[in-house]
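These features come from TrEMBL:
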- 32-47: compositional bias 'Polar residues' (COMPBIAS)
- 118-335: domain 'Anoctamin dimerisation' (DOMAIN)
- 338-951: domain 'Anoctamin transmembrane' (DOMAIN)
- 1-52: region 'Disordered' (REGION)
- 349-376: transmembrane segment (TRANSMEM)
- 427-447: transmembrane segment (TRANSMEM)
- 539-567: transmembrane segment (TRANSMEM)
- 587-608: transmembrane segment (TRANSMEM)
- 756-779: transmembrane segment (TRANSMEM)
- 916-937: transmembrane segment (TRANSMEM)
Amino acid sequence: MHRITGRAGGDSLIEMSPTDSFNDDVNGYHQHVSSSTGSLQPEQSPSPLTPDVCVETCDSLNTSLASLAQSEHSDSPQHESETLERIEALTGLWRKRAQFLKFRSRIDKQQHSKDSVFFRDGVRRIDFVLSYLDDKDGERKQERRKMYEANLVNVGLELETEDKSESDDGKTYFVKIHAPWEVLATYADVLKIKVPFKVNDITDNGDMPMNWLSTPFRLPEHIMHPEPDYFTAPFDKSKSDFFLIDDKATFFAPSVRNRIVYYILSRCSYFKDECGVKDKKGIKRLLNNCTYTAAFPLHDCRYWTKAKDANCESERYHLHKHWARFFCFYKEQPLNLIRKYYGEKIGIYFAWLGFYTEMLLFAAIVGTLCFVYGFLTFDDNQWSKDICSAEIGGNIVMCPLCDKKCGYWKLNSTCNSSWQSHLFDNVGTVFFAIFMAIWVTLFLEFWKRRQARLEYEWDLVDFEEEQQQLQLRPEYETKCTNRKLNRITQEMELVLNRTPTDLMGKLLLCWATVTLWEMEPYLPITSKCARTCLSGATVLLWISLIIACIIGVIAYRLAVYAAFASIMKDNPTTNLQVVGPYITPQLATSVTASCINFVIIMILNLMYERVAVWITDMEIPKTHLEYENKLTVKMFLFQFVNYYSSCFYVAFFKGKFVGYPGNYAYMFGSTLRNEECDPGGCLIELTTQLVIVMTGKQVWGNIQEALVPWMMNWWGSRKARNHPESLYSRWEQDHDLQGFGQLGLFYEYLEMVIQFGFITLFVASFPLAPLLALINNIIEVRVDAWKLTTQFRRPVAAKAHSIGAWEEILNGMAVLSVVTNAFIVAFTSDMIPRLVYMYAYHPEGELNMKGYISNSLSSFNISVIPVENRPDDDENPSWFNSSIDTCRYRDYRYPSGHEKQYSHTMQFWHILAAKLAFIIIMEHVAFLVKFFVAWMIPDVPSDVRARVKRERYLVQEYLHNYEVEKLKIQLSQNVHEECNCSPMIYPCLPKHEVLSECL
C-alpha cells in the first residue's frame, strides 16, 4: 500500500491509499478483515459533489498521490519535510480534504492503537517491537539502524515506525515488526515446529474415582484447555495443505510468531553484505551498543480487562484473573494456557514448581507431626529433667568454655536449651530423616512421569535438544573468526539442491543455513583451554573467598563468645521478662554469627552473579545449551559453598576437635580456642543456623521479587496518570522493567534448587523446614505469575522438554542428602550415645535414661589446669570456692588418677562403632528403598507410551495416504488435461478439502 505522510507541529501522520483516497475507515485504521488477502470496501465520500465530479476528483487525486509511494518507514523523521511540502502543494478542495483526513487519522489511530496488537491497517499483527531514543548525535547508531531495518525488510519482515511524539517521554521511537505468512512458513520448516494435522481421536480414560473432591481446586475448562488436542507433525512448507490451516493469520500462535521473529533478529546483519559479514549481526549486539534500547514482543491486552478488539486474544487477562492473583493459591495452574502464551520453557518451570510445591505438602505434614511429637514428649525427657534438677544439674560444676574470660558454671544453667533441643533431637528425627530419603526419591520419580506426560501433551516427544540448541549462538559466530570445514556440509548441500521455486524461499533458506553451508566457525584449542583455565581459576578464587569468610565468622564466634560470657556472667538478661531466661552466651554468639554470615552470603551473591555471567561469556560457549550448562555449573557450585558451608561447619566440625581441659586445641595455633558445642548439643545450633539462613533468604527473595516490581509499577502508573492519552503507555510500562527472560528463569530455578538443598541436606535438624518451604512456594508461584503477567514484558517464547541440567543436580543432591542426614543423626545428634547407654551401659539394666547425664560427662582435676588458661578470679561466680577440685566436660575419657587418665574410654569406641554402623545401615536401607522405588515406578506412564506409539503410527499412515492421494490427483489432472475433460474427483471442492476428505 502506498502511503503519504506529513507532520506539522503536533499533528500525527496521514496515510492515504492511491486507490482508496476517500476511504475514512481505511485512513482511520478501523478496518478488520478475516484474512490478510481480504479486500477493503470504501465508503461514500461525505462531500456533496456530484458523481461525475467525485469520479474526476478521485481520479485526479489518485494521479497526484500515485507518485508519493514510500516504503514502510515513511513514519521516520527523514521523510517529514519532503512529505509536508507535497501536502502543502495541494490547493483548494484537495488541501481541505487532506487536512480533514490528517485530523481524522490522528484521532482514530489513537483510539485503535492504544490497545491494539496490529499495524495501523488493522490487519497485520505486531509480532515484535524495537525501541530506540532520539539521539541527534548518534549518527553511527542511525546508520546501523537504517541498515539493520533494511536487511530485515530484505528477508521478508514488514516494519512500521511510530514517531517519538506518541511516546510518554517524547524521545522514544517504536519500530513494529510483522512476519508475513511466507516468512513464518519458511522458518517453521527450518525450525521443525510441530503443527496440527488432525484432531486427536484417542479417548481419555484418566478419570479418577471420587474426582468431585477436587472440584474446588479446578479452573474452568476453557482456561485449563484453551485449544483442542491435535495430532501434530513438523511443519513442511511444501505440504502446507496437509495441515489444518483454516486461517493463515492465526495458524501460528503469537508465541510461535515471536520466537521465529526473534530467531531472525538474532541473526540479521546490520551491514549491507548480509551473506558476507559475520561479526556485525544480531539484536543482542545492537542492544549492547545502545543502538536500540529494547526488543520485546507485546502482550495481547491489558491484564485487568479483556481486549476490545474481537480479533485479539485476551489470554493475558485470563492468566491474571485465574492464575496471577494470590487468592487463587489453592487453585490448579492453567499450564496449557501458560505454555500457549509464554512458550514451553516457562511452562515447564511452572509445572515443576507447582509439582514440587504439591509434594512439599506431604513432607510438611510429616515434619510437623515429628515436631509435635517432640513437643508432646516433653515430660518424658529424662535427661532434661536431670539437667534442670537442683540435685543433679545443680551440683555438677562444668569446666570453663573459654580461657581467662569464662568462669566455672553449673549444668542446670542450660536447662532451657536442653528442653529446646528435645524438640528436634528425638526419636522422630531418625524417622523423619529416613522418610525424607524416600520422599526425595518419590518426588524425582513422579516428576519424571509428570514431565513425560507434559512432553506428550505439548508435542515435545520427538523434540531433540540438539536440533534446537545446536544452532550456533550469534555471539559465537561473531567472536570466532576462524573457520573450518563443517562435517555435515555435504548433507546441507543436498538440502540446498532442493531449493524452493520462489525467490523468497531461496533467500530465507540460504540465509538460515549459510553458516553450515560454507565454513563452520570454531575456537582454537589453545584459546579454548586458556579461557577454560581462567574461568576455573576465577571460580576457585571466589570459592576460596567464601571459605575465608567462613573462617572469619568462626574467628568471630571464638572471640565474641568470651565477651558475651563475661558480660552475662551475672545474668543481666534475666531482667527481660519474656526472652531473658533463654538468652545465653552460646545463643547470642550463634544468632549474631548466623546473621553476619547471612549478610556475607547475600553480598557475595550479588557480586558473583555478574562475575559468573562475565566468565561464561568469556568462554564463548558454542550453543545455547552449552551456555546454560556452563552458567548452571558455575552458579550452583558457588551457591552450594556459599549457602551450605556454614551449616556443614556447625554439623560436622564444630565441637569435634576441641581436646580436653589442660590440652585444648587452638585455631591455627592462635590464642583462640576451638569452639565447643552448645551445652544442649550442636543440633540446636545447626537448627538456629538453618532457620536464619533459610528464612532470611526466602524473606529477602520475596521482598526483591514482589516489593521492587510493585514500586516500579507504582512509579509507572504515576507517569501514566500524567499522560492519560498516551498512545503507547502500555508499551512503555513494559519497557521500563526488566523482562522475565532466560536468565531470569535460570535464577528462579537456582533459588528453588538451593531451597531444595535446605529441606533435604539438613532436614534431620529442623523438621519444620518443609513447612516453611511450602509456605514460601505458595507465595512464590503467585508472585512469579503476578510479575510475569503484570510487571514484565512478554518474554520471547522458547522450547524445552525438561528442566535441563537442574534435574541431574537434584538427583545428586538427593543422594548426598541421605549421607548428610545419616551423619547428622550419628555425629551431631545425641541419639546414638543415648541408645548405647540405655541398652549397654545402664547400671541397673533398665531401659531408661536415668543417670545418662552423669555418664556422658568426664571429670578433670582443676589443679592441673595451666595458670595461663585458668579463668580470672573476678570471672568465677560467687558460689565457686577452693573446695571444688574437679570440673566436668562433655566427653568419654578416664578421670584423673586412672592409669589411662584423659584417654578415651571403651564406651567412646562403642559409641563410635554404633555411629558408623548406623550410618552404614541407614544409607544402605535408604539407597535400597530409593532404587527399588525408582525401579518400580517407570519414568513414562504406560498410557502415555501407548499414545505416543499410536500417534507415530497415525502420522506415518496419514503422510503415506496424503502422498498417495496427492499423486492420484496429479495423475488425474494430467489425464483430464490430455483428454480435455473436467476432473471427476470432487469437482466442487477445493484441493485441501479433497485431501482432508481422503485422509
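Placement of Cβ uses the backbone N, Cα and C atoms for every residue, glycine included.
Under 8 Å from some Cβ of the transmembrane segment (539-567) lie the Cβ atoms of residues 401-407, 585-586, 588-590, 592-593, 596-597, 600, 604, 608, 611, 615, 634, 637-638, 641-642, 645-646, 649, 667, 672-675, 875, all in the same chain and six or more residues away from its ends.
Residues 326, 329, 353, 356-357, 360-361, 363-364, 366-368, 370-371, 424, 428-430, 432-433, 436, 440, 640, 643-644, 647, 651, 683, 686-687, 690-691, 693-695, 698, 702, 810, 813-814, 816-817, 820-821, 824-825, 828-829 of the same chain, all 6+ positions outside the transmembrane segment (756-779), place their C-beta atoms under 8 angstroms from a C-beta of that stretch.
Distant neighbours of the transmembrane segment (427-447): 352, 355-356, 359, 362-363, 366-367, 369-371, 373-374, 759-760, 763-765, 767, 807, 810-811, 814, 817-818, 821-822, 824-825, 829, 831, 922, 925-926, 929-930, 933-934, 937, 939; these residues of the same chain sit at least 6 beyond its ends, with a Cβ under 8 Å from one of its Cβ atoms. Long-range contacts of the transmembrane segment (916-937) within the same chain, counting only residues at least 6 positions beyond its ends with a Cβ under 8 Å from a Cβ of the stretch, are 433-434, 437-438, 440-442, 444-446, 449, 814-815, 818-819, 821-823, 825-826, 832. Counting residues 6+ beyond its ends, the transmembrane segment (349-376) has Cβ neighbours under 8 Å at 332-333, 335, 338, 422-424, 426-429, 431-432, 435-436, 439, 442-443, 446-447, 450-451, 454, 745, 748-749, 752, 756, 759, 763, 767-771, 773-774, 777-778, 780-781, 784-785, 803 in the same chain.
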